[in-house]
Every structure is written in structure tokens, then in C-alpha cells.
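Listed in Swiss-Prot:
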- LYS71: active site, charge relay system (ACT_SITE)
- SER146: active site, charge relay system (ACT_SITE)
- SER170: active site, acyl-ester intermediate (ACT_SITE)
Amino acid sequence: MNYLNENIDSLNKKLQDGEITAEDLAKETVKNIKETDKKINAWITVDDDAKPAENLDFAKNKLAGIPIAIKDNIITNGMKTTAASHILCNYMPVYDATVISKLKKAQATFVGKTNMDEFAMGSSTEHSYYGATRNPWDLEKVPGGSSGGSAAAVASGEVVAALGSDTGGSIRQPAAFNGIFGIKPTYGRVSRWGLIAFGSSLDQIGVMSKRVKDSAEVLNVIAGPDEHDATVSEKEVPDFTSFLGQDVKGLRVAVPKEYMDAVDGEMRDAIQKQIDVLKDAGAVINEVSLPHTKYVVPTYYIVASSEASSNLQRYDGIRYGYRAKDTKNLLDVYVKSRSEGFGDEVKRRIMLGSFALSAGAYDEFFKKAAQVRTLICRDFEKIFEENDVIVGPTTTEPAFGIGEEISDPIKMYNNDILTISANLAGIPAASVPAGLVDGMPAGLQIMAKRFDEGTVFKVADFIERNNKFYEKTPTGMED
């Protein structure tokens, strides 16, 4: 079964009406993945024997029997979880991440784990031990990263929704490149327990889907307190679907000058068109400045790489994961296991982070980056004193070609320039389709105050209802 023209509501109705059984839905989903994925390589693991939960309550649980894709850095009990790395290629977890436990309680069906950049470090899903994922709109283009597998699986109609993780744009950039919706909630809105750590002060699990409402339905389930994660907020979780279908009259919309100056030509026109839609509907558009935008890339890569170098110390060839053969002593085990188990990009970030944290460089690099991060947060706080939401482009350009930027790390890192700030500030941010640029999707980024995902959904839904981009079929999937 292909989901290009389906959503959670339509599938829920078919299940309630008996038009299809949950068992058949799972089987058809796996069958379609096997066929479609020959083109795009969106999956690392597919569960051939995927089965729905028992005693499904379709009326109570919107997600009951609905197949959901899971990014392969989210722990799943009894299902291989690799983070797209050689070092974890045979890792079989014995527990579920909190988000998985919550989805199981909601009776969702799990069909497999999606491809990604190794340990979520990348912007193209080319840095994977399991090969690159291709963009369903153009099979010679990247799907973005690091949640490129989840994005491609949704865009190609393999599933209606998928979980991803976002450390510097890893949900929003792939969402933009693939013409789907993707949301990174506020830091602390969703438990990170069971998410394989990259940058612990930046990581956040989120949702990707073709329709805005589908992400709202999934976020309703996975958000909220968790005794296993001390960083999760105790704030009450609203019904995010209640923010849909509203108008935007009187909404104060900030448009950062620095973001619009980063794009030109068709990309700028596509973004401006969506801003004009909001203006014509009665929103108040205000040009603003985020003066520290020029520092976000170096700040992020120092902070994220430093946290990564610490988090990845646990992969040593001893406790679990890949262990090198023909080693002479304990040091040899450490060195060879990590050298052979990690890919080039992961090793690059570990080295960068280790240097930034070293005694001679700490004050000049990590401490300075932490101080600049505070200034970036203050920029956003100031804007939100007089505005309800910030909008602008998600990326500076549409999807680039496979192999085009992989040998140029600096160029690859700059792909994140418009998305990183939301992670540094811990605010909710999403990307919603804004049209086509050179035949490839472009995304409008929407950001709001901490724990105000509702306004993000409100604006995204308004844009979606206006342009109906979800009706388009990815050109790479056309027969």
C-alpha cells in the first residue's frame, strides 16, 4: 500500500470501517517498502513480520494500527538499532526509548528503522554505513540529513509519518528538501531517553509527515513528562490538533533580515510568496534582525562536537558494539575498534570536539562558544517580546546532488546556517513546504517561543491549507 494520498485520518477511517485490517495494512506497508526502497534506500532495517498490537481501539487511539517509521538512532527493544554506524552494526537493544513506549501504548505499528547520517552527524544522509539515501523528487539528489531516511520514507509514500531527531536542523532541512512537514519541538518537550546521544544540550526527537495534522497527532502521543529524563518539562501538553484550522489575522510575524538576505532568486520568491499569504490574511509582518546569525555555524560546531566527543567515548570495543580483531593489548582494542568502527565525519567531529575541550583551547573555543550561544538566545528573546512567530527560509538552496558536497565539510556545515539557531536557543521550529524551486521542494521555517508549538502548528497548517503542496507527487516516484 502506498501512502502518497493517505493520512492518519483516512487510514483510521478505513480501519474503523473494516475496509482494511491492521494486519493487512502492516503486510502491505512492508511489501511497498521492499519495492519502493530499491530506488531510495530509506531504510536500514525492515521488519518482514511487522504485526499490529492486539485489541486495537481505533476510536480511542488515532494511531492504532498505523505504521510509523523510526529513525535508527532511537532505541527499539528487539529491533536492531545502529545509528547508521559500523560500530553499532549488530546492536540489539533490550529496552524501548520513551517515545517508542508511548507509541506502543497508542497502539502504533512499527515496520522498521530508517537510514540516517552516522550518529546523526551530517546534512545529506550520505554519511551512513548502509549507503546514501536518495531524494524521491530526484534520485540523483540528497534527501538532506541527518533524518534523510525518515523524510524520504514519508515523501515517497512508504509511511504517513516518521520519527526523526534534530540537533542542528536534522528534521527541518530534510523536510524542506523532500517537500514534507517536519517539526523539532522545544528542548524538553519530548523525552530523549533512548535517543542515542549526539549533542545532549541540542538533541530533540520530533516528527515528519506529509500533512501537518499527522505530525500534531504523533506529537500529542510522544510529548510530555518522563521519569527517565530529568531534562523533560513537567508542563502540560496541549492538544496540538486544536491549533489547526485557525486564521492568522493579527498574528505578529517576524521576518529576520539575515535569513532573507541568505537566499535569492526563485528561493527568495518562494519564501516571500508564503509571507505575502500570511500578510494578505491579516498577519502583521515585521522585519527584524538576528545580529548574531553570522556566528551560529562556528558556535554550533564547537558546542555540538564537544558534546559528541564526550558522548561517543562510551564506544570502546569493550562493553558493546564492534570490536576490532587482531589486537595486541587494551589500548590497541580502543584505537582499532574506534578507528574501524567510526566513519570519517564522526571521527572529524570527535577530533574537533576533543580539541575544543582541551586545556589549551577550552577558554578560547568552548567557553567562548557557550557565551555566544547566550547572545543568540537573547536575540530570540528580544524578538519574541513583540512578535508571536518568526518565519523565513529553512535552507539557502534546494537539495544538492549526491556526492556534490561530501568532500567539502565546510560547505556541508553551512547547510545548517538557518536551522541551527533554534537548537541553540531550545525553541520549537518546523519546516512546511513553500513550493518548488528548480523543480525541487523549498521549505518555510516557522519558529516560536519555548513550549509554543501550538503557534507553529497554527501557521504551518494555514500555509498548508493555502498551497496544498501535499497533493503533489515526487517526480522521482512517477512511473
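We number each residue from 1, going along the chain as drawn.
Every residue gets a Cβ built from N, Cα and C, even glycine.
On a predicted model such as this, the values are computed, not experimentally measured, just so you know.
SER146 (active site, charge relay system) sits 9 Å from LYS71 (active site, charge relay system), taking the CA atoms of both as reference points. With every protein chain in view, the residue among the active-site residues SER146, SER170 whose Cβ has the most Cβ partners within 10 Å turns out to be SER170. The Cβ of LYS71 (active site, charge relay system) lies under 8 Å from the Cβ of LYS113, THR114, MET116, SER147, GLY149, SER150, ALA162, LEU163, GLY164, SER165, each on the same chain and at least six residues away in sequence.
Secondary structure at LYS71 (active site, charge relay system), taken from DSSP and collapsed to helix, strand or coil, is strand.
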